[in-house]
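What follows is a set of notes on a single structure, which appears directly below.
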Amino acid sequence: MVNPTVFFDIAVDGEPLGRVSFELFADKVPKTAENFRALSTGEKGFGYKGSCFHRIIPGFMCQGGDFTRHNGTGGKSIYGEKFEDENFILKHTGPGILSMANAGPNTNGSQFFICTAKTEWLDGKHVVFGKVKEGMNIVEAMERFGSRNGKTSKKITIADCGQLE
């Protein structure tokens, strides 16, 4: 089985910035990968398209995926509101790692973050389920609109998204 690849077309205040593609590690965390894949395609009738990156901290991460409240308090999974931490096999080894944001153990919904540095203190707390395949330069460009408290200076949105393979 080949791991799925999904893409985000990123916009800044409505202007296209570029495409980021992700490999999803369905071989290691099938349930978590499937949630992100289906939210990227929108095939369940809801998902990431049109949502924003509400929290960007340069040198740390870019967080998004709250398509219900758009501020970090919402979002939902394809399995219902929240689902369990599948496993912690994969680690936060460096830039480009894709991991689930949460509010404590077993509270995965739709929020995720893209690491822009090694974040080993998150190992065992957040489920890593993918990595940037192409477009890390776009993630680095997104970082420039972040701040130390995470507030973004411009609206960073997922203008389009879907599955490539």
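Glycine residues also receive a Cβ, built from the backbone N, Cα and C atoms like all the rest.
Taking K31, K49, K82 one by one, Swiss-Prot attaches SUMO2 cross-link to K82. Among K28, K155, the residue that Swiss-Prot annotates as N6-acetyllysine is K28. In Swiss-Prot, the feature N6-acetyllysine is attached to one residue out of K44, K151, namely K44. Note on K91, K125: Swiss-Prot annotates N6-acetyllysine at K125; no matching annotation appears for the rest, which is not proof of its absence. Fewest Cβ neighbours within 10 Å among the recorded positions T93, N108: that distinction goes to T93. Predicted-model confidence for the domain 'PPIase cyclophilin-type' (7-163) is 98, expressed as mean pLDDT. Geometry remark: K82 (SUMO2 cross-link) versus N108 (N-linked glycosylation site), CA distance 5 Å. Of all the modified residues in the list K44, K76, S77, T93, K125, the shortest Cα-Cα distance to K133 (N6-acetyllysine) is found for T93. Of the listed recorded positions K28, K44, K76, K82, K131, the Cβ environment within 10 Å is emptiest of other Cβ atoms at K44.
Neighbour count (other Cβ atoms within 10 Å of the Cβ, all protein chains): 18 for K133 (N6-acetyllysine).
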